[in-house]
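The structure under discussion appears below in the form of structure tokens.
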């Protein structure tokens with residue numbers, strides 16, 4: 001059987017990166033002969049099989065022909081007469097159109113290795129324009145490979161713009177966009193995904209809520225980068241530095257959507273943007289059917305990031321109420337940490353502030369621990385119930401956090417903290 005290692009495994013090995021998964025292309029076989037060899041068919045749209053021992057995917061070499069607009073209008077031809085080069089030619093980028101023989105010889109008919117060395121993301125052929133998903137894939141690869149110096153080849157960017165202008169991206173269903181977006185969020189430089197989409201004109205079609213942030217000014221005293229769109233992508237990259245949690249990264253990306261809705265005559269002030277942005281956030285989440293955990297965390301970060309930045313200035317009662325609204329006073333809560341990381345990313349996502357500490361997070365962590373450690377048994381012994389129990393427990397928590405604050409020196413978060421940004425100014 002002629003089986004060739006293809007795609008990402010070859011690319012990543014040449015880049016010196018860990019190989020995440022190994023995919024194979026088989027030449028000269030049919031579904032019947034593959035099944036006879038013990039392979040299990042799993043492909044729905046084209047012949048893909050699982051190896052009986054390694055369970056790696058083996059696909060029959062195939063060609064594709066476009067028959068309708070969008071990304072679903074394809075006729076697939078998989079047969080023993082399809083060559084390896086024909087299979088590689090249908091792929092998106094030259095760096096993904098390489099194969100390796102069983103004895104380790106590189107098969108590179110489209111210059112993938114050359115483009116790896118030049119750090120270029122270049123499309124293989126004119127067939128690239130037949131599938132709008134490839135715009136998203138190129139953007140996702142920039143999110144992965146920008147830290148290694150990769151950029152989109154000029155001719156590929158031109159082709160992507162033509163596809164957008166022709167309305168190809170309008171045929172993408174939200175679930176497909178979300179699938180690529182979610183993968184991009186997990187990459188080392190997720191902001192590059194959005195920059196690439198903006199460069200080719202696809203951002204305003206697919207993520208208008210993000211596109212509208214560009215050109216909206218913020219107070220230069222707190223935001224030297226000024227532009228809200230620039231700030232948003234800086235925050236996203238800071239979130240990627242701080243956490244691998246995709247929900248926290250999503251919350252960081254969407255926290256300032258309300259600033260795009262501030263009337264221009266009020267610029268650069270954005271008072272009330274936390275409330276203004278909730279509708280845009282829900283529209284985005286509804287459109288892409290975002291997971292509920294993403295939506296809930298993003299809503300909390302949007303509503304309360306300003307209060308988090310002012311944590312040391314808040315009255316103790318307000319601080320306890322904030323923790324309660326965040327759901328952080330439940331003993332097994334796991335949402336406070338991603339909330340704090342998203343807020344820290346916001347504070348650091350400003351020109352010149354990237355390495356600033358964010359002691360507000362530690363103060364809120366300590367306050368939360370003090371509040372949840374309160375012993376409620378005396379209230380139970382008093383037979384308090386319902387709202388009366390809740391009010392009494394709140395007072396105990398306020399007293400516990402007040403004691404914590406009093407025990408700290410003025411130089412700590414119980415005293416004064418540097419105000420990270422004037423969100424309402």
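Here the Cβ of each residue, glycine as well, is placed from N, Cα and C on the backbone.
Taken from Swiss-Prot as is:
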type	residues	note
BINDING	8, 11, 91, 137, 140	ATP binding site
BINDING	8, 11, 91, 137, 140	CTP binding site
BINDING	21, 23	Mg(2+) binding site
DOMAIN	228-329	domain 'HD'
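Ranked by Cα separation from residue 21 (Mg(2+) binding site), the binding-site residues 8, 11, 91, 137 are led by 8. Around the Cβ of residue 21 (Mg(2+) binding site), 10 further Cβ atoms fall within 10 Å across all displayed protein chains. For the binding-site residues listed here (11, 91, 137), the lowest count of other CB atoms within 10 A around the CB belongs to 137. Cα separation, residue 140 (ATP binding site) to residue 23 (Mg(2+) binding site), rounded: 19 Å. Annotated ATP site 8, 11, 91, 137, 140; additional same-chain residues within 8 Å of its Cβ mean position, judged by their own Cβ, are 7, 92, 93, 95, 96, 141. Look at the domain 'HD' (228-329): DSSP puts its residues at 79 helix, 0 strand, 23 coil.
Checked against residue 23 (Mg(2+) binding site) by C-alpha proximity, the binding-site residues 8, 11, 91 yield 8 as the nearest. Counting only residues at least six positions away in the same chain, the Cβ atoms of 19, 20, 21, 23, 96 sit under 8 Å from the Cβ of residue 8 (ATP binding site). Counting neighbouring Cβ atoms within 10 Å of each of the binding-site residues (23, 140), the lowest count belongs to 23. Mapped onto three states, the DSSP output places residue 140 (ATP binding site) in helix. Spanning the residues 8, 11, 91, 137, 140 that the record associates with binding ATP, the maximal Cα-Cα distance equals 15 Å.
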